[in-house]
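Asks: According to TrEMBL:
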DOMAIN    347-589  domain 'COPA/B second beta-propeller'
DOMAIN    631-774  domain 'COPA/B TPR'
DOMAIN    823-1228  domain 'Coatomer alpha subunit C-terminal'
REPEAT    47-88  repeat 'WD'
REPEAT    89-130  repeat 'WD'
REPEAT    131-165  repeat 'WD'
REPEAT    203-244  repeat 'WD'
REPEAT    247-288  repeat 'WD'
Amino acid sequence: MLKKFETKSARVKGISFHAKRPWVLASLHNGVIQLWDYRMCTLLEKFDEHDGPVRGICFHIQQPLFVSGGDDYKIKVWNYKQRRCLFTLLGHLDYIRTTFFHHEYPWILSASDDQTIRIWNWQSRQCISVLTGHNHYVMCAQFHPTEDLLVSASLDQSVRVWDFSGLRKKSVAPGPAGLTEHLRNPQATDLFGQADAVVKHVLEGHDRGVNWACFHPTLPLIASAADDRQVKLWRMNDSKAWEVDTCRGHYNNVSCVLFHAKHELIISNSEDLYIRVWDMSKRTLLQSFRREHERYWVLTSHPTLNLFAAGHGGGMVLFKLQRERPAYAVHNNMLFYIKNRHLRKLDMLTNRDAPVMHLSKGGGRQQPYSMSLNHAEWCVLVTWRNGENCSYELYAAPRDHSGAVPEGTEPARGQATTAIWAARNRFAALEKNNQLVIRNLKNEVSKKISTPTCEEIMYAGTGMLLLREADSVQLLDVQQKRTIASVKVSKCRYAIWNTDMSIVALLGKHTVTLCTKKLEQLCCITEGARVKSGAFDDSTPQPVFIYTTANHIKYCCKDGDYGIIRTLDVPVYAVRVLSTETGARVVCLDRECRPKVLNIDPTEYRFKLALVTRQYDQVLHMVRTAKLVGQSIIAYLQEKGYPEVALHFVKDSRTRLSLALQCGNIEVALEAAKSLDEPAAWDQLAKAALTTGNHQIVEMCYQRTKNFDKLSFLYLVTGNLEKLRKMMKIAEIRKDTSAQFQGALLLGDVGERIRLLRNSGQLSLAYLTAINHKQVEEAEQLKAALEAAGMPVPEANPDAVFLRPPLPIQRNQPNWPLLAVSKSFFEVAGQARAAAEGSGSAVAAALDEPLEAAGAWGDDDVLPDHKEEGEEEIMEDACEDGGWDVGDEDLELPEELAPVSADMGAAEDSEQYFVAPTRGASAPLAARLRTAHDHVATGQFEAAMRLLNEQVGIVNFAPYESVFAEMFAHARVTFGALPSLPALTAYLHRNWKEATGKDLLPVITLKLSDLVSQLQQSYQLTTAGRFPEAIERLQGVAQRVPLLLVDSKAELSEAQQLLAVCRDYLVGLAMETARKAMPKNTVDEQKRTCEMAAYFTHCKLQPVHQILTLRTALNMFFKLKNYRTAASFARRLLELGPRPEVAQQARKILQACEKTPTDEHQLLYDEHNPFSICGISYKPIYRGKPEEKCSLCAASFMPEHKGKLCPVCGVAEIGKDALGLRICPLQFNR
């Protein structure tokens, strides 16, 4: 008897197993019904509505129902999902003994002490039949598994078999078979009807009251248990029933009896404290299991599993009669297992199964406990355990696999707890006296080893054994007879080795311990369910142990990582893991010794192993292709320090923000903060961005949270005086005098400070401020005010100095290069993949970025949410400063088409501060320099300007002053050597690893990615309608392109493409700005503005900007009544897929234009003839006409403008003969 689960409670009077879930119901004598999960050994629920003992209990085979019957005469039907009683059936007049569901019909069968049996319909909630005939308490009534029969047992010493086919015909609609029979014989109608249920057989033979009776699942047999201490076996047919035999052996009343569904066994329990197992064919007692103090009252079996439950006076016990683990052994890809006393082999690659040999019947009815295979000598050791009797058999298997064993050949036998192979021609047997005996192939003793504390032996390689003790496992060297290693593992049951015998998994009842071959513990995992078996997956960089529990297949790695792979309906025993690149299969045996192959997904443990072994290319491949989801994988990545990988699996904005901040990915954190838009998120982002020197993001965060003090300080340290002055105005609007005074102090605005002090009533301080800063007129006025107020006039300090803040050397500087955050392998690979999938360049990726038209100022300026009366708006409308002006406000269109407003941008006047750097020492690497970048980085500005003039024709170097100074500053590092000495300066080199001396080259101080980032900012300014700022930013990008230094032809192509994009935008934006400034009084002036709007639509802009240009031209031409050209613009606009409201407006205009497809005015515009636009006159230069180009940006101009300064880029000469852009070392190798 193998106990699987035991409970302690009041006396258990009824038990029922769930057909599919690992649940068991126990009804108690105190009126409580308990629902247990016997796999997890937990109490799930209690149901307490009966008044008095509950004797009958039964699960429905399909519905989420169970029925109970108690001493309160009530039958209750429960829904365990809703955890409540659905209804109560009343009708019995005494205690209810048993309740059972029919396996097919909606019926409940109940037996009661009122001497009746009732059949209820639980759907209609009515009693449909009352069976009378017993003249004493009816102790039990059960349905037949397949036929229209039921059996009842009563204290009137009889067992009755009832036929209820009449009730079925009357109550249940005929099925296909019944309908066919009725059509064949329509005359066979019972005129007088048929009784609901009739007694078919009365079985009399017991001398006292019968407590239980049951049908055999398949045979026409009945077993009954009675107070005469006997178990009787009855056989029946259609006409009669008779007693077959009696099983005697109980010493008290027999409470319950049942048939074993899979073996010829009868199981009974009694008030004599015994559970007894009988041989059904021989009617002899096989086994007895005694409980010390508690009497047994009920017994039941699982509908499908080899599991039994017995209720006694102190609770319930679940048990098996025999072990169900199959005996098997694995060699290479061959699985050897024993089934039905046959040794079989399975080729796990081809799934070919074949018998090897037949085993003798030495083990009786028992299954073999284990087997051990000697593949070298082709011998098999089979171990049998039958209670206290333990033995082994040594078989020599046929080498030709014919399955035939020579006649008269008997296996060698011996008494031992376990027998396993220890060498090619030796096996070890552990005898009952805890002595380890080494025997040869002839079963002769060759060596004895004393192991006084050993409980079990397990294989550990040639000449080695694992000895299991109570709380440890020892590694024994058989030759030397000594223990060479030990590990503390409590009650180890099995040892499983990987292929190369480097790792062993020691399985306990609820534990998995991985150790090295020297028993050094690697990890230990505790499971809630029972651990059944396992096998290693050796295809991974590190072996992974795949093991099965009662309800899962799981994995365990060497470092202790573990997880669930899939769930199991029934326990299986894994024997081998077969892996491929795309998946894995687990070959296993079930409890019926049937081989099965289960597909598993190894992605999760392969992903974790790839991270542990730093195989990042595989990690990246799995991130892109595999479906890894769930909180567990995200928590694992965070725990192991890979938040950038976890970002690939997270959609929640709050989690993405946390992960992005962990890995320093400010861009992703910004997206998450925008979607959250919470002060706490902006504060976290600002703190992280400040540590990496990204002060532009910090500025945005402070603006969103309206943190004015921090914002003012940020503008101070970044040298952004315009915005600092704006903050002072905002402080004035907020009436924050202190912040306003601080802003004036930081700006060095003496007049503003004097005004503030005067307005605040601080006349003395205002006078001192004026007199110390030589503001004579203000001082005189304040002195007169002091004297008029009768206040003393303070004396000026002769030693006072001006309080003026230093001017910033570099204004509006880009993000600080204070902290370089190294990108991980995953981020770099992700960007590379994105570039590869796009057009191949960062510029093209920027062009594909979707933009939406924003407000006139966007998020760049901070204004309070509300203003008081009298406050004036400090921001100007974008239209006044030349933003987008589509011009559709006065179109005469239907009212349902609302005009689309576009916010306009404005520019800020900027002053340039420049301090020339001190002349640096000549660098020894001057002779090796070829590009303008390297000359600027080493301080050779004159040589750089000469190169720029020769290569791209630059003649105006004024805009390059700050750029040269910035690049030169970035190429050097200043550090303090000794406290008493001035700081030292050193050059930074980009090839310091492989070069020395004159071969050293300066570090790259201007990168293509920085210019691409500025281009994207220009796109945003253009979308917001801030054309002057966008032009300034685009000119800066174009002017810096000749100062780049790139390594490859691809990057050179990107730089040239970047220059072309800047040219198209500069020409278009400048032309649009000029158009909006032109007068529109006469028809000719209106025609000229329409022509320029039409030219703007032919600039190569982004789709979002192209839509805006087309809308502008469409509306202007429609107003001018040039309908044919307007229709062309409408078609081009619709092809770009604008917003629905814009598209609707364009279609209406197109419909109106198509009615009169004519142009009222002749314009200088031919859309079908390709042309370029002159950058000065803004007139078309059609293909084939003479033109001059800028030597830097390649903008087109009329021939008369040759020699002038290009207004597009602002630095190069038009028509100058130049060498071309030289920014790549490969260009000098030709």
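Counting starts with 1 at the first residue shown.
Cβ from N, Cα, C; glycine included.
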Asks: Quick test of the contact rule: Cβ under 8 Å, at least six residues beyond the ends. What residues does that give for the repeat 'WD' (203-244)?
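Replies: Residues 136-137, 139-140, 142, 144-145, 149, 151-161, 250-259, 261, 266, 268, 270, 272, 278, 280, 283.
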Asks: Do any residues of this chain, six or more beyond the ends of the repeat 'WD' (131-165), have a C-beta under 8 angstroms from a C-beta of it, and if so which?
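Replies: Cβ under 8 Å, 6 or more out: 94-95, 97-98, 100, 102-103, 107, 109-113, 115-119, 196-204, 206-215, 217-218, 222, 224-227, 234, 236, 241.
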Asks: DSSP on the repeat 'WD' (47-88): how many residues come out helix, how many strand, how many coil?
Replies: 0 helix, 24 strand, 18 coil
Asks: Which whole-number mean pLDDT does the model give the domain 'COPA/B TPR' (631-774)?
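Replies: For the domain 'COPA/B TPR' (631-774), the model's average pLDDT rounds to 82.
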Asks: Go ahead and report the DSSP secondary structure tallies for the repeat 'WD' (247-288): helix first, then strand, then coil.
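Replies: Tallying H, G and I as helix, E and B as strand, the rest coil: 0 helix, 25 strand, 17 coil.
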Asks: Where DSSP helix means H, G or I and strand means E or B, what are the helix, strand and coil counts for the domain 'COPA/B TPR' (631-774)?
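Replies: Taking the domain 'COPA/B TPR' (631-774) as a whole: 116 helix, 0 strand, 28 coil.
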Asks: Over the span of the repeat 'WD' (203-244), count residues by DSSP class, listing helix, strand and coil in order.
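Replies: Final tally across the stretch: 0 helix, 25 strand, 17 coil.
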Asks: Could you give the number of helix, strand and coil residues in the repeat 'WD' (131-165) as assigned by DSSP?
Replies: 1 helix, 20 strand, 14 coil
Asks: Summarise the repeat 'WD' (89-130) as counts of helix, strand and coil residues per DSSP.
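Replies: For that range the per-state counts are 0 helix, 25 strand, 17 coil.
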